[in-house]
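A.B. asks: Just lifted these from TrEMBL, have a look:
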- Gly31, Ser32, Gly33, Lys34, Gly35, Thr36, Arg144, Arg187: ATP binding site (BINDING)
- Arg57, Lys78, Ile79, Val80, Gly105, Phe106, Pro107, Arg108, Arg148, Arg159: ribonucleoside 5'-phosphate binding site (BINDING)
- Asn112: CMP binding site (BINDING)
Amino acid sequence: MGAVVDAVNQDLNGSLAEKNPTVVFVLGGPGSGKGTQCANIVEHFGYTHLSAGDLLRAEIKSGSENGTMIQEMIREGKIVPSEVTIKLLQKAMQDSGNDKFLIDGFPRNEENRAAFEKVTKIEPAFVLFFDCPEEEMERRILSRNQGREDDNVETIRKRFNVFLESSLPVIKHYEARGKVKKIDAARPVAEVFETVKGIFAPKNEKVE
């Protein structure tokens, strides 16, 4: 059984890497405006937006064996293994038929990053880092839809600290390779997108 699964994974990895897809990692703390900007990039530049968290939630909802395992791990406060998230990302990339991807909220830490490159044989074109002060992110999260039970100050600060501790080493790794595009995300949405457009559009191409 293991050999069959390995063969399938090998095939998935090979065919994905052969397509030489453009992968952009999108990182930023909770409330930094990543989701809004990803939607804009999809609309203007034809990327497929993949959120690691959404894929995990969809897998849980599907009721599959994999989904049940993921749910148990989350319930016990364990971290879902990188390979599980990467397999979901690979499948979504393969199924999309596209060759340009925004991967949002992943890699969450150095281990995720190393595993993604090792398993997929794909290096990101660059990392889009939405840099936003903690006070601004806090203000945004508290003022948006109050429906989310995890949107209280204490939890927000915890999420922010986790982001800092886990994701900053990833950003530093890619910074050393000249692959980080840092964006001042504290500005209004339209202003931020103007900067984003400058990164994604070739200089001579006008974007509506």
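Even glycines carry a Cβ here, placed using N, Cα and C.
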A.B. asks: Would you kindly give the Cα-Cα distance separating Gly35 (ATP binding site) and Arg57 (ribonucleoside 5'-phosphate binding site), rounded to the nearest Å?
C.D. replies: 16
A.B. asks: Please work out the number of neighbouring Cβ atoms within 10 Å of the Cβ of Gly33 (ATP binding site), leaving out its own Cβ.
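C.D. replies: That number is 23.
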A.B. asks: Taking Cα atoms as reference points, rank the binding-site residues Ile79, Gly105, Pro107, Asn112 by distance from Arg144 (ATP binding site) and give the first.
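C.D. replies: Sorting the binding-site residues by distance from Arg144 (ATP binding site), the top entry is Gly105.
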A.B. asks: Of Gly31, Gly35, Gly105, Pro107, the binding-site residues given in the record, which has the fewest other CB atoms within 10 A of its CB?
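C.D. replies: Counting other Cβ atoms within 10 Å of each of the binding-site residues Gly31, Gly35, Gly105, Pro107, the minimum falls on Gly35.
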A.B. asks: Identify, among the binding-site residues Lys34, Arg57, Arg144, Arg187, the residue whose Cβ has the fewest other Cβ atoms within 10 Å in this structure.
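C.D. replies: Counting other Cβ atoms within 10 Å of each of the binding-site residues Lys34, Arg57, Arg144, Arg187, the minimum falls on Arg144.
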A.B. asks: Listed binding-site residues are Gly31, Ser32, Lys34, Thr36, Asn112; which of them have CA atoms within 10 A of the CA of Gly105 (ribonucleoside 5'-phosphate binding site)?
C.D. replies: Lys34
